[in-house]
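Asks: Let me give you the structure first, and then I'll get to my questions.
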Amino acid sequence: MYSRKELANAIRMLSIDAVQNAQSGHPGMPMGMADIAEVLWRSFLKHNPANPNWNDRDRFILSNGHGSMLLYSLLHLTGYNLPIEELKKFRQLNSKTPGHPETGETPGVETTTGPLGQGLANAVGMAIAERTLSSYFNRPGYDIINHYTWVFVGDGCLMEGISHEVCSLAGTLNLGKLIVFYDKNGISIDGKTAHWFTDDTAKRFESYNWHVLDNIDGHDSESIERSIKQAKLITNQPSIIICNTIIGFGSPNKSGTAESHGAPLGEVEISLIREQLKWNYPPFQIPKEIYKKWNFIEEGSKLEKKWNEKFSLYQSKYPDLSTEYLRRINKKLPVEWDRVTNNYISFLQKNRQSIASRKASQNTLEKYAMILPELIGGSADLSPSNLTMWSRCNSIKDNLSGNYIHYGVREFGMTAIANGISHHGGFIPYTATFLMFVEYARNAVRMAALMCTKHIFVYTHDSIGLGEDGPTHQPVEQLSSLRITPNIDVWRPSDQVETAVAWKKAIEKTSGPTALILSRQNLDQFERSSEQLENISYGAYILYDSKKRLDIIFISTGSELNVTLIAAKKLASLGYSVRVVSMPCTSVFDRQDASYKEFVLPTYVAKRVAVEASIEDFWYKYVGINGVIIGMKTFGESAPAEDLFKKFGFTVQNIFNKSLILLKS
């Protein structure tokens, strides 16, 4: 009969052996949190290793993702499709055990973690998703959505500022099914955290309206079990269980020190650990009886079977609700989607209007969201400016089944929370702020791209066109930095029609985020043929053409397209053959086949001009090294928008003059 400590030691030794074998990794945290993990995973976690995607599973998030071997050991021991050979390939090319957990690479990994604190933020999003979905779909006696979100965090996660943003909001939202375990070992890479992290964590979380369980012995299984039971009794507050642990537990010479944090322990020390823990087995060998104690496939399958039976009864009693639930969970758009969106886009083209693209975005939401209950929006305290609310928005603070989150001034937290909402399933999140403040959200934006998360970023006030607020609020380099990030589609529409198309493409995109870059100021609408209207969805299309062998091509986006078109027509009046290309989404255009790209930007035309109120460098890929770019070289200034556009050269006359020089060169 194996004790709980011996079962936990299986985690410790697998982690130690994998790190040693890879000659790289972090053994200390898995050794320190193994006892907590054993209690949670064997006694409380609702999951099915035979079906990692079971909809009503509990979510487990390893926010301190450097300790990934803890999670891989758990997945292997409980019966997920992660054989011992994969643990032997830890941190190696093409393995299922990368250095930090990556969703999509390893069965059972809910979200990619590693940048500290973001896993915690994702978990807050998952807890929001669980509660909002359950409030919408559950009925008396049919709690088809009823699961917990469990999180492991370390000192580093709680030092990161994002932890304040998301834990403050989680307490405000009373997320009672969010339970966090804090691995309080007092050690980080530089040494003892007492020299730089003296917060009273318990009081901090009490101030956030969390239920706090302090001074829990993280190596005492009974204490851990009691604390989890107490946490589950509290339904109107998230809980944090502060566990006092020893990093590198079991290592005679390196436990409790930074030496055990992020490097292999060495063969000599590992031999001593085996003696200390009485683990008399060679590397990567686990006794059959321990495997048997850990394996959760049979129990997990029973849990899912019971849920399936309940859902079958739910389907019989609530056929419409159950059909809608399955549609959303399976990420299917409504049957009327194409009809509604295409009709709306055609309507806009026929009913021309000069409005800001942020207003066009709100109008589009009003139309599309009516048939998309899975849309869940939010803004970082800029809803009236971003125009992200529509007539049927309900705050989830006031209505648990609502569709809008007031995130407060928390751009980073907002973005990472919505990543978690997306990964939970059942929702398409959109989040909003000024384009300039993507800088606050940057790493969560990158993580969305890395994970191919379906998440729509709404970034308004997109250029010097926001005017008097000045260079602190005027984006310059942000557009380019977003465009060069893999997996993100960045749309900068020029009028209400392109805005509606951008929203349609963002919602239809199945893998990866989309950024909608929207103006503060009004934009004129352009005439288009039916072919041009259809070609918007290809990312770039011919807006104006002289219909003969071309002398010059203009490329522009957003608010600068109108002055570019006027300048081009002025050149055409002199007899030059010109083309104007609207390029609202460069990445979508880049994915088109060679024939379409040659059709829009024929290679024989070397004289090209790009016009956009953002940093110039990005556009050389389209105009060539000898092309002309009318863009930003510096930061902006504080002045009315019209004065700034004139100062920085976004005028018909300047575009005309520079193009004429190019033509005569």
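Glycine too: its Cβ is placed from the backbone N, Cα and C atoms.
From a predicted model like this one, the values you see are computed outputs, not experimental measurements.
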Asks: Hey, Swiss-Prot has thiamine diphosphate bound by H66, G114, P115, L116, N185, H261, F437. Any idea which of G154, G156, G408, G467 it lists too?
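Replies: For the thiamine diphosphate site that includes H66, G114, P115, L116, N185, H261, F437, Swiss-Prot also lists G156.
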Asks: Can you pick which of D155, D217, D220 Swiss-Prot lists for the same Mg(2+) site as N185, I187?
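Replies: My reading of Swiss-Prot gives D155 as the candidate in that site.
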Asks: Taking Swiss-Prot at its word that H26, H261, S385, H461, D469, R520 bind substrate, choose the one of R57, R358, R549 listed for that site.
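Replies: Looking at R57, R358, R549, the one Swiss-Prot places in the substrate site next to H26, H261, S385, H461, D469, R520 is R358.
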Asks: Find the longest CA to CA distance in the recorded thiamine diphosphate-binding set H66, G114, P115, L116, G156, N185, H261, F437; express it in Å as a whole number.
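Replies: Binding-site diameter by Cα atoms for thiamine diphosphate: 35 Å.
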Asks: Through the lens of DSSP with three states only, how would you label H261 (substrate binding site)?
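Replies: DSSP call for H261 (substrate binding site): coil, neither helix nor strand.
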Asks: Specify the count of other C-beta atoms within 10 Å of the C-beta of G156 (thiamine diphosphate binding site).
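Replies: Looking across every protein chain shown, the total is 20.
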Asks: Using a Cβ cut-off of under 8 Å, list the residues of the same chain at least 6 residues beyond the compositional bias 'Low complexity' (97-114) that approach it.
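Replies: Hits for the compositional bias 'Low complexity' (97-114): 18, 24-25, 47, 49, 52, 59-66, 68-69, 71-72, 75, 80-82, 86-87, 89-91, 122, 126, 419-420, 423, 447, 450-452.
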Asks: Please report the distance from the Cα of I187 (Mg(2+) binding site) to the Cα of H261 (substrate binding site), rounded to the nearest angstrom.
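Replies: One finds 8 Å between the Cα atoms of these residues.
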Asks: Looking at the recorded positions H26, G114, P115, R520, whose Cα is closest in space to that of E411 (active site, proton donor)?
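Replies: Out of the listed candidates, the nearest Cα belongs to P115.
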Asks: What's the CA-CA gap between G114 (thiamine diphosphate binding site) and R358 (substrate binding site) in angstrom, rounded?
Replies: 34
Asks: Name the residues of the same chain, 6+ apart in sequence, whose Cβ is under 8 Å from the Cβ of D469 (substrate binding site)?
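Replies: The answer is S638.
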Asks: Counting by DSSP, what is the helix, strand and coil composition of the compositional bias 'Low complexity' (97-114)?
Replies: 0 helix, 0 strand, 18 coil
